Amino acid sequence: MISSGSKSIRQRSGGTKIKSPSEDVVYSSKLSSPRRSQPSSVLAPTYMFGLFVLVYLATYGFVMLVERQLPRPLTIQDEPRHPGRFIAERVYNHLVNLTSLGPRPVGSFENEVLAVNFLRKEINNVIQQSDPKVHQIRLDTQTVSGAFPLTFLDRMTNIYRNVQNVIVRVGPVVESAHSLLVNCHFDTVPDSPGASDDGSSCALMLELLRVIALSPTPLQNNIVFLFNGAEEAFLQASHGFITQHPWARNVRAFVNLEACGAGGREVLFQSGPKNPWLMEVYSASVPYPFASSLAQDVFQSGLIPGDTDFRIFRDFGNIPGLDFAWSKNGYVYHTRLDAVSQIPLASLQRTGDNILPLLLNLVNSKQLVAVHQYREGSLVYFDFIGLFIVTLSSTFTILVCLLTLGLVLLSVYINSRAAGEQLAHGSSYAGLLVRCAGFTLVNYVLCLGVNLAIAFTLTKMNRAMSWYGAHLWLVPLYIIPLLILSFSSILFFTHNYLAKFTRFKQSTHSSFYYNVITDSTLLLYSLIMMLLMFTYVGSVMVPLIWILSLSLFSILRSLHPSLSLNPVSSLLCFLLFSLVPYMLCSYLIYCVLLLIVPIMGRSGSGNHAEEVISFLTTTIFSLLFNLMTPCILFVRSPKKVLSSLGTIFFVSILLLVLTPLGFPYSGELSSPTPQRYMIMHVDRVYHNPYSIPDQLSVNSSSTQGQGSIRKAKSGLWLIDLDVNSPKTIDHLISEGSMSVVSEDSDCSRELYCGLPYFLPVYTFIFHTHWIQDRVYTPLGVPLDLKLTYKHVEPWNQVDQSNNTQPPVNMSPTRKGTRIRLSFSLNGTDHVNILVSPFTGVELVRWSLLEGTPLKNKSKFRGRDTYFVFYTCASNIQSFHFWIELFVEEATTGHLVDMGVASHHVHGDKQLTKPLASFLNKFPSWTVTTGWTAGMKLYTF
């Protein structure tokens, strides 16, 4: 071998021969010299690919095993041997007693009386056992009313009357002015006993209260235990506490306990805002960490349809905190299956063992009494498969990102220098990097297109959501096609395109092709890393750890030529460097699947769950595999790999299409994966437009102010919650009796399709069905809206009725008319108000809440809409309110469309006989929620 600049010469028996460009050349890692080729027979044997698969599968299996590890639960019999410890059996007993009350919607006797009495009784038992010389304990029950705007879902104005909070404050004998808040909610959605959401948290808090109150060690500050009675009514009771209760003003930080699943491990998925000391205390306190700033970025981006009291304490109390939730087994969330049997004692023990030391360290910390001094800064944090937690300041994380970017550039520089004479005349390494980056993006689009086509085909064949009951189906349906396309694309790209820009005539130069593809991918990922660094810094650790590991691997290969010349060594070294980032990503992916897959069963049939999962799977695993798939270049027989993967794919498709193995639903009580149905029996009454005199004042009991009835009908409203609804229950419905609620025939004619949406979710749950009653049947749901007063005056004139000027967001010089309409509304304890001003009319103010009314995301005939969610927990009375409209000067005719809906979500009137009979017909692998509702529409 001759050094740089000379020809490579090989001695043969027939003489001396100068190496021609057509011979195999293997890229040298030295900076400037091409080295003699190793023949293709030196490529790694194909079984190396099988070794890779086995190692990665074993790693994923290990991650699954670690995720399921829970501590041994302590029983009451263990207590003498473990004084001061959290006892899971006590929590379980509390939970059994609380859930035995039944579902506890706001306004129900079970929630407003029985649950409150239960909590007060248990708390008083603890107070009696505590030592007043050590702890000062006070108990209060708050009944509160209020209103606030909420930008959750399609946005709404949230109004509440007489909701309840049970509040306990534990503190030192010498009273402290600083408190830590810990929160749960004891109310539930209709039909659910709410064992996980959120009865388990309240039971946990009762045990936490007992352990702390009976401790001989006094607290340095106060802990306020808030058992709030109206969270499922969109965070109402927590708002009432933090804005109106006298103890709230001393709260410096909070811990919120929630659930979107049953059992498993509680995840810390939100912290702050700012206040990095909270995470520092968490990381130093908990024995079983499970936290991720990536989860926080995802949740706060709105990709996950959910919200917690964290928002209320943060936005209305300006208080930092920590948000915990169980996320496993989301199949039972908000259903009648959310029972005590779904919650292992070990999960209760794990959560208690974490939260107890966390509370004690927080309440006794120096930061709690001087929060303002420790407010600034933020942390990037993640746990490594539950073994330990890593916390990095944002500044340090940015420095690591910049260092990692430097390593990538160093790797690219070394490889570009070493390319030397390998490049064809006129070609450059930078040009190849650009082409390879383009290839990576094109390959992703190709894989995404193919996988979306598979998802679309499965949906059309009524084989959607097979992965809902078994995540394993994602592998043959979407991951294997991704691998087949990626491997094939890399081989085609290198053999038929990339080789044109090199001096190689053959296609066996694995090391060179691997380096240029990997360098381009590292640069792309570095771009992603830099974007995340300045936007969602909490998520930057995922690309960072991959880039750091594989840039080090690339530099190592450059410094040790034996790795470049030996594909087997290269593969084994790659496996070693990729194992830690792969393990971390596998852990995150597994946790994401546990959360996301059950959500697809309640996200609405119009949201194309199969296509959504196809997109997410393709995107996540493309990002995971882009730095791994170029290793196929080192394999001796890629065709065997591709044929094996293709066989698995086609066999799986045949099994899915021809057998019932892919049926997504199960009613197995130990591990249910049910299909959800929400069904209302609805009484719909539409009124003709009501012409209002310029000045009107009528008694609220008058029959005026409504307009005559133009149409009335009743029937069952099926809210389709997944893509297979209602096809799976077609046999339960009489032929011809069911119709689709369509945009053309229903939703363009009537406000909110003339249907009693309980929540403002029309933009993503819009595909529903209607089963008409054969004969219209008034259902007796209390509901009545009457116009009681109208006042008209010029826009720029002071309103003499309350001496108010035009709103600050409206110019007083505008020409038009100010019209105030006052109403009286009667209904159940759960009522919705819908408002949509006509063109040329603006809703500028109302009595429901100060400030500009919050617009809904959905439109009606191109006009703005407003959604009001009103709850009255007790002492239901007529609800009086007014709206103020600005009418442009040239506008004539109608002013506003309005709708009101009333819901019987609990009690004897919740189900009509026809609805109860219909629900009883559903198969065991479904879970239903239903109630009776009324809907009335008006035009004024």
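Heads up, the Cβ atoms here are built off N, Cα and C, so glycines get one too.
In TrEMBL, annotation is done automatically, which means it is predicted and not curated.
Pulled from TrEMBL:
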{"type": "COMPBIAS", "residues": "1-14", "note": "compositional bias 'Polar residues'"}
{"type": "DOMAIN", "residues": "165-357", "note": "domain 'Peptidase M28'"}
{"type": "DOMAIN", "residues": "433-656", "note": "domain 'Endoplasmic reticulum metallopeptidase 1/1-A TM'"}
{"type": "DOMAIN", "residues": "672-938", "note": "domain 'Endoplasmic reticulum metallopeptidase 1-like C-terminal'"}
{"type": "REGION", "residues": "1-21", "note": "region 'Disordered'"}
{"type": "TRANSMEM", "residues": "42-66", "note": "transmembrane segment"}
{"type": "TRANSMEM", "residues": "384-412", "note": "transmembrane segment"}
{"type": "TRANSMEM", "residues": "432-458", "note": "transmembrane segment"}
{"type": "TRANSMEM", "residues": "470-492", "note": "transmembrane segment"}
{"type": "TRANSMEM", "residues": "512-534", "note": "transmembrane segment"}
{"type": "TRANSMEM", "residues": "540-559", "note": "transmembrane segment"}
{"type": "TRANSMEM", "residues": "571-600", "note": "transmembrane segment"}
{"type": "TRANSMEM", "residues": "612-635", "note": "transmembrane segment"}
{"type": "TRANSMEM", "residues": "642-663", "note": "transmembrane segment"}
### Message
Which sequence-distant residues neighbour the transmembrane segment (642-663)? Criterion: at least 6 residues beyond either end, Cβ under 8 Å.
### Response
458, 461, 463, 466, 469, 473, 476-477, 480-481, 483-484, 487-488
### Query
Taking every residue in the domain 'Endoplasmic reticulum metallopeptidase 1/1-A TM' (433-656), what is their average pLDDT?
93
### Message
Restricting to CB pairs under 8 Å, which listed stretch, 42-66, 432-458, 512-534, 571-600, 612-635, is in contact most with the transmembrane segment (470-492)?
### Response
612-635
#### Entry: Distal contacts, the transmembrane segment (432-458) - CB-CB under 8 A, six or more residues away
412, 423, 464, 466, 477-478, 481-482, 485-486, 489-490, 493, 497-498, 501, 516-517, 519-521, 523-524, 608, 610-611, 613-615, 617-619, 622, 626, 656
### Task
May I ask which of the stretches 42-66, 571-600, 612-635 has the most CB pairs under 8 A with the transmembrane segment (512-534)?
612-635
### Message
Do any residues, 6 or more residues outside the transmembrane segment (612-635), come within under 8 Å Cβ-to-Cβ of it, and if so which ones?
### Response
43-44, 46, 48-49, 52, 440, 444, 447-448, 451-452, 454-455, 467, 474, 477-479, 482-483, 486-487, 490-491, 494, 510, 513-514, 517-518, 521-522, 524-525, 543, 546, 550, 567, 570-571, 574, 578, 582, 585, 589, 592, 596-597, 600, 603, 641
